[in-house]
Structure formats: structure tokens, C-alpha cells
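Student: Under the heading active site, TrEMBL lists 717, 726. Among the features that TrEMBL reports, domain 'CBM-cenC' is placed at 33-153. For 180-264, the entry in TrEMBL reads domain 'Cellulase Ig-like'. For 274-737, the entry in TrEMBL reads domain 'Glycoside hydrolase family 9'. If you look up TrEMBL, you'll see 1-28 marked as signal peptide.
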Ligand code: 9MR
């Protein structure tokens, strides 16, 4: 009902202001209303409705929302023709109520035409009496085709939604976001190993050394010492000291570290948390599964209908056509893991993720501290538990079967290659259960990179599953050989970098590393000369591949190199391979020792990459592998210490693993672990790794909150921040690998 002056600042008005010599600041600070008739005093003019019966009601807009819809956007009211200016900050506010209470409105500012991008969104839960909601965001675009909309669908039962005082004010000052970073003593908030390294970081202005104390849960001081001033840390911009309390080796829970008048968050000294994390990190994959109902008895709170099995509204992954013009067959590409917070399935990311999960198992067979029973049959509460196959292999097979289905069938053009990806035709909004996704699914063109990911992982699978299922092992090896031959015949077929609507592009024009990796896996499984020759003749074999960003879905050479170094084989010059891993580890060790936060990650120009939390872990994998090769304690300790950063010893004082640490990431971007948007949905399961700081902050939410952020600060635990806070199968694979390694060091 409140009236707000709608100010349209014309050029004349601006000039007039200048002529009357108003301070420039005042002109710039003028707030400009973008919404027409937001107060609904007598009419609902200027507003559209979709699948609701709406009208004016006592100076508000009220809408009767029908029950029985699935998606938020199935019922909505909104206003189009909103103009937004890139980089300008807006305050979006409204009053809203819902009867009965407890319904959610998805309030958005976005694009009124396809592809309906969302630039700001919020999903408050409504009460029967009107609540006031206000948000500040910075527009990531220039657009005259904006809209303000209130999506109210997705309820089984009808309800009544009322709205008032809708405002979108331009020209407001940007909000200064201050993350709550808690106490300045930064520790691994989960656990240190009793016999392992124990380090912490103190943020302080003090330049001289300071005393510290370690306290037991009972408050007794059990150790004390002095901090080491480390100067200004480039990754955070903070002046910091480091603390080494590794001399204390007793088990316990609820320790705190005190320095400079601050008390750290509590932590344990023990191995129990890592035994739990080793399992949780792999258990994550079951709730990422496509094509199967998730059993609530196995994952309480996470049960859901099978996604993409062809039951409406899904169009199903059982007979998926190609994008127009790409092929004229359909494939059954059901199953596999959803990549991340989206419903897409991508062979390159599926490949590296599967490799790292399988390698966790393979390491348990080859490393001196490996303990295969820890991920053996019956450990992960899977539908397959009890089948006498290690559970971790059962889980990886769910993805392997999908990867095999992505291969172009015999008799078709490009037979033997693998389709790059399968996903929705258009991006979908959040939240959205896999089984509720109504979009058309499409196969995207085969690529050399996807084909080699298939060759590598299927070859690795052939040797690991052989003791359990000879027929599957043979099928996998034959698919790997076909893929290899097809990749040699089509060595430079790349994904289109612009093919990023409805799913990620995952483009990669450098595939010599994928060739190397696939040849290495085929060699390790078959021992055949042709594959050894490819490995030995590849420039990648001797290249320095242990770079600051580490390995990733697009930089896969390390997967081949690490396996050649650790899986028994007779490759000529294998000693050099092992030494190259040690040399790589020495570099990461140098990085870690120089880093006051004790991590093996220092990207060039301090530019944290997308998924940096898993890059830290992958660099730690190289350290861990150097330990497995040499038995050198310095590599083991560095690998173990790398976990501290991920579990809370960082500038934000946050653990990037859900459910681990007093302050932990738990609002990751996901369409089905979307508790932040819908109280009826779960948070991500315990053991879910967040992407972590990303200097490029590609999403509008992060841009609003984190503009100008330095390294470690480029992160926010909000479901809207898909560029800093998603979950992904390749990221959890790095966590899986390292959690197992650390648990094995207990
Ligand atoms: O992790 C991927 C990152 O390396 C890329 O730079 C980015 C853009 O292509 O995509 C990331 O992967 C996302 C994918 O494209 C779609 N599913 C979610 C993935 C994680 O954010």
C-alpha cells in the first residue's frame, strides 16, 4: 500500500542537477523505482499471471494457487519490461503472505524471454501474516527485457498467496558483504591424526611472536608454545602467524587452541572422523545416481523417485535422440551419476571422477598402508551391498555402465567414439528433483576427449573387476579397445565451447594428455607393446605435468602418470616415471611449506580456479603418491596436512565438507539437496565437498557479494552461487581419494 515516488531521471534532470551545482554524489545516489504499480492500491494493472486466479484484494494482489503442480514456475505472477543496467546495484523488496503458512515463493529478477536467465532469486517461506523481504544485488547484465516474478507453483495442495509493496530500486549503494569468519585462530575443525602434523594459522596484526596454548575439552592446558610470524599471506591478504603443535600426540575430542586472546573452533585428535569421512565421501555417489530410486532406508532423508527413467514428467534417458543434425539414432543412456547440482551427465567429468574413485580402490591394493576391506562389501549401504563385490566397485560400476552406453554403436558414423554428454535442452531452475525434470534430453556430438575418457576408465575397470565379474571385465576391455581405435581414427574432434545451454560445455582442445592417460591404462591392463609405445613416444610422458592448478577433468595426464608409477608394470624406464612423481611432489611440498595456511596450492596470480577445493586435494594426491612410492614421511605429512585447509584452516574459517567441522558448507548449489530453497528437501549429504573459492565468480550472486574478493575469500555458502559452491562428482572423487589416504595413516 505504501507509495513510493517513481523517479525517472531524464538527461535534462541530470543536466539541471548539474547546473544547480548539486554535488555529483547526490545525483548518483538517486534511487530509481523500476516496478510499475507495485502497491496494488486499486488494480493489478501492469502485472501478468500464469496459472493462478489473481486480483486486487484490499490494496494487495492476492492469488489462488492451484494444487497439483510440480515446479515453482508452474504458477506465477510477474511484471515484464524491467530495465536493468549491468554493474548497477538494486534493492528488491516486497511483502508477502501465504495461507496456509509454510509455502515458498520463489521471487526472481530475471529475463522475461528465453533462455529465462535468473539474475537474482530468493525463496522465503511465507507466514499467514505478511512478512517484509528485502534483498540487494548487482545486475550482471544490461537488459531491457527484465522481469520481476513470483513463482508459487510446486504445491500438492491449493493455497492463497498475497503480495504488496513490490519494489525494485536502482541506484542503491552496493551492499558490503562481511563473511562471518569467527575466531582468528584457524584450525582443522575436524581432526588431526595423533601421530600426524598439527598446524594452525592465526590472523593477527601483531608482527612479533605470540604465545599459544592447547586446551583439552576440560579446559586444561595440555601444551603451549610460540607462534611464528609469517607476514602478509597473498592468498588472503591477511597478516598471519603459524602455529605448530605437532609435539602433542594424545587422542581426544573437543580440543581448542588459544592465541592472541582468541579461542579456535573445537577439534579432535584421532582417526575416527577420517574413517567416517572415507565412507561418507563415497556414499555421496549413491544419492547422485540417475535411473534408480534412492532408497530411504539406505539414506534416511534422501529417498526419492528414480530420475530420467521415462516416467512423466521426465522424458527419460532410455531412448535419447541427438541434438538436431548430430545423429539419427537414439541411445539408452540411462543410469550413471548426475554430474553435479544439475541433471546433466558428461563423459569427460564422469571419466576422471570414475578414475579417481577406482584409484582409491586400486591404491588400497598396491600401497603399503592400503586397506581394501575398508571400502569392501557391506561398507557403503548400497543396494548392491552383500553381493561379495567391494562396495566401492559397485558404486563406480553404476557410472561405468553409463559411460559404456555413451559409445556410438557399430554401424553408425563415428562408431566406437563416445558422445561428449547428455543433458537437458534448456537450463532448469532450482529446486527440481531429477524425476520432475520435464526437459527434452539430448545427446551431444562425440568427441575425442570423451572417447579417450571411456577408453581409460574402461581399461582400468577391466583389470579391477576381473576377480569379481570376468564377463564385465571383458566387455569393458573390448569397449576400451574400440574407443582407442576410434580415437586414433578421429584424433581431433573437439567439444564446441559454445555448447553450454542446458548443461556445461566441458570443452577441451588439448587431448594429448587424454591419449597418454588412455594408453597408460590400456598398457597397465594388457601389457601390450602398442600401448607402451604410445606412452613412451608421447611428449606428455616426460613433460612436467605437476602444475599449480593440478590435474582436473581437462588435464588428465597425471592420472596416467600416477598409475604408471604405482600399478605394477614393466614399462621401460619406469624408475623415471616414479621419479617424476616425486619431483612433482617436491614442488607441491615447497608450495605447502611456503604457505602460511599450509596448503599445496598457490595458483599463478592468486587466481583460484573453479573447484579449487578439489585442486588442493588433487595436489595432495600427488604428495600422497610420493609417500606411497618412497615411504618418505615428509610427503605423508604434507598430504595429511593438506586436509587441514579443506576442513577449516583457511581464511573463511569454514570446512568445505558438509557435516564436518563446526562451521561447514551445507548449502551447495544442487537441484535436489536444495533445503535452502525448500524446507522439505534435504541439505547435501554429509561428506559433500563444495567447489570452494573461485576468483572468477561467474554467478550473479557471488558477483553481488564478493566483487573484488582476494583468493581464499572468493567463496560463499549459498545455493545460488553455482560458481563457488556447487557439488560435483569429480570434486568428491578427490575427497574420496584423500579421505581414504588420511584414514590409512591412522
Ligand atoms: O568444473 C567445471 C569447470 O572446470 C569449468 O570451468 C566450468 C565451465 O565449463 O564447468 C564446471 O563444471 C560444471 C559443468 O559445466 C556443469 N555441471 C556442473 C559443473 C560444476 O560446476
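Using the three backbone atoms N, Cα and C, a Cβ is placed for every residue, glycine included.
Automated prediction, rather than curation, is the source of TrEMBL annotations.
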Student: Would you kindly give the Cα-Cα distance separating residue 717 (active site) and residue 726 (active site), rounded to the nearest Å?
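Tutor: With the alpha carbons as reference points, the distance is 9 Å.
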Student: Taking 10 A as the limit, how many CB atoms besides its own sit near the CB of residue 726 (active site)?
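Tutor: There are 24 of them.
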Student: Please count the residues of the domain 'Cellulase Ig-like' (180-264) that DSSP assigns to helix (H, G, I), strand (E, B) and coil.
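Tutor: Output for the domain 'Cellulase Ig-like' (180-264) reads 0 helix, 43 strand, 42 coil.
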Student: For residue 717 (active site), which residues of its chain lie six or more apart in sequence with Cβ-Cβ distance below 8 Å?
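Tutor: When sequence neighbours closer than 6 are ignored, residue 717 (active site) has 654, 665, 666, 667, 668, 690, 725 within Cβ distance under 8 Å.
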Student: What does DSSP say about residue 726 (active site): helix, strand or coil?
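Tutor: Note: residue 726 (active site) is in a strand by DSSP.
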